[in-house]
Amino acid sequence: MAGGGGGGGAPAPKADEPQPHPPKDQLPNVSYCITSPPPWPEAILLGFQHYLVMLGTTVLIPTSLVPQMGGGNEEKAKVIQTLLFVAGINTLVQTLFGSRLPAVIGGSYTFVPTTISIILAGRFNDEPDPIEVCMTAILALNCAKLIHHSLAWLLYCIVNAGAKKFKKIMRATQGALIVASTLQIVLGFSGLWRNVARFLSPLSAVPLVSLVGFGLYELGFPGVAQCVEIGLPELVLLVFVSQFVPHVLHSGKHVFDRFSVLFTVAIVWLYAYILTVGGAYNHVKHKTQITCRTDRSGLVDAAPWIRVPYPFQWGAPSFDAGEAFAMMMASFVALVESSGAFIAVYRFASATPLPPSILSRGIGWQGVGILLSGLFGTGIGSSVSVENAGLLALTRVGSRRVVQISAGFMIFFSILGKFGAVFASIPPPIVAALYCLFFAYVGAGGLSFLQFCNLNSFRTKFVLGFSIFLGLSIPQYFNEYTAINGFGPVHTGARWFNDIVNVPFQSKAFVAGVIAYFLDNTLHKKESAIRKDRGKHWWDKYRSFKTDTRSEEFYSLPFNLNKYFPSV
């Protein structure tokens, strides 16, 4: 009879019954964790691999934005160099003084809608058309010698007129980023974000971290399909080399799974080059040539041999209150997304759960990174690179030193422009194929926190399912509405106000994370069993930096700085 027995307890499981896998505070089977670097030759190759992976976002965002700003290939090359240089500095600072996790800090897609909004601002619409201005100047001068060289002068005039408009827009984005950086700096260093993070449980972390990865699906296979004869071979080859080959060869040296990105990118890039020089794309559409050819980026010719990016290189920043508030909202969205990415990074680096004070410290230094983005003029803000977090999972190497070496490559190749431009000219479909694997790893990393939760609880099912569904559905509505109408559902005369409302609801991770956090901390919270259902008891001992000795091993500051900047 059910429930029988004098002791009233549950019967002991039989020896032959399948047992559940026990939850693990630290992810097992990681070859090198944060504090255990691989040998130097291997570390250098792994660092270069991280550099190659972060190049995708570093190149794709300026390639999209700079022409809209009025810039040409020269401006695009300089912005990529600047973004790469700032990313290297921010990554070093984050690994030394921030969260101390092996997290790459690079350009973020979250800031793109706000930057586009600044580009479309009314005060820049008054800029005269460069071609019209230059043609008028030629006709007005009516000089025979000038007319003789009119074509060359016209091109020179157009380039300079476009550069003038580009600098005005770039200075406006600089001012907005400088103001927006104060949000993360204040929330991070004041400890306010620490107080928010203390209420985060494994249950509410699942939708946030999962959609930090899965929510970027639009950058995956749709990018591969832009040139399927290049993107699809990269995707298939990457999966085959990283997942199947190591189990067939049994070498025990982890060569193919650890360096699969280097192998496959080199092979497919050479294949794309052969198609290009063989004339496969000579008579195709211009858009196809841009995505498929290896000689259409315009970066190698435009990039200088040696150039050191410097603050205010585009001129003094200009400030607009509305644009600053809009960029501040984008900064807040990036803050939430980066919190999820930090959680994924600690998991793949086989560290213990991130104490709230360390997460807050990392956010504060990320705010400093956004400040540097504004000072140097990258056009967008910074956040944790999701693709590099996925690379940690692929290689099973979570070493801090490897990511610091990758930061050295970022700075080195940003200064030596021609050499950096060669790697930056990798066709976008190859990058999109890498995204398919890395974003999937991060999404799966978020799902792995379900091991701490009670999945037999209907409360858990509701919080989990409702937040993930709305995290996908609400942004889909906002994105479709914008694509059809050319503006978001909130459409007033104040563009900055529209951005403040529309931008957050376009982020899948932000929507899912906020909904899950709210429901998890308000729904039937006082019932005694709820705490274990949420998995909160697993993270309780990490609420403070000092309650677990392993936290000091992974997250303590170098040079004995903890004495002056204690983590509580």
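Using the three backbone atoms N, Cα and C, a Cβ is placed for every residue, glycine included.
Model, not experiment: these values are computed from the prediction.
Over in TrEMBL, the protein carries these features:
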COMPBIAS  1-10  compositional bias 'Gly residues'
COMPBIAS  14-24  compositional bias 'Basic and acidic residues'
REGION    1-30  region 'Disordered'
TRANSMEM  48-67  transmembrane segment
TRANSMEM  79-97  transmembrane segment
TRANSMEM  146-163  transmembrane segment
TRANSMEM  175-193  transmembrane segment
TRANSMEM  199-219  transmembrane segment
TRANSMEM  261-281  transmembrane segment
TRANSMEM  324-349  transmembrane segment
TRANSMEM  369-394  transmembrane segment
TRANSMEM  406-426  transmembrane segment
TRANSMEM  432-450  transmembrane segment
TRANSMEM  462-478  transmembrane segment
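The stretches the transmembrane segment (324-349) and the transmembrane segment (432-450) meet in space: the count of Cβ pairs below 8 angstroms, excluding pairs fewer than 6 apart in sequence, reaches at least three. The stretch from 48-67, 79-97, 175-193, 199-219, 406-426 with the most CB pairs below 8 A to the transmembrane segment (462-478) is 199-219. As a quick check, the transmembrane segment (79-97) and the transmembrane segment (406-426) clear the bar of 3 or more Cβ pairs under 8 A, pairs 6 or more apart, so the two touch. Simply put, out of 48-67, 175-193, 432-450, 48-67 has the most Cβ pairs sitting under 8 Å from the transmembrane segment (261-281). 406-426 is the stretch from 175-193, 406-426, 432-450 with the greatest number of Cβ pairs below 8 Å to the transmembrane segment (48-67). With a threshold of 8 Å between CB atoms, the same-chain residues lying at least 6 positions outside the transmembrane segment (175-193) that come near it are 111, 114, 118, 317-320, 323-324, 326-328, 330-332, 334-335, 339, 356-357, 359-368, 370-371, 373-375, 378, 380-381, 568. Within its own chain, the transmembrane segment (406-426) is flanked in space by residues 46-52, 54-56, 58-59, 77, 80-82, 84-85, 87-89, 91-92, 95, 104, 265, 269, 294-295, 297, 299-300, 302-309, 388, which lie at least six positions past its ends and keep a Cβ under 8 Å from the stretch.
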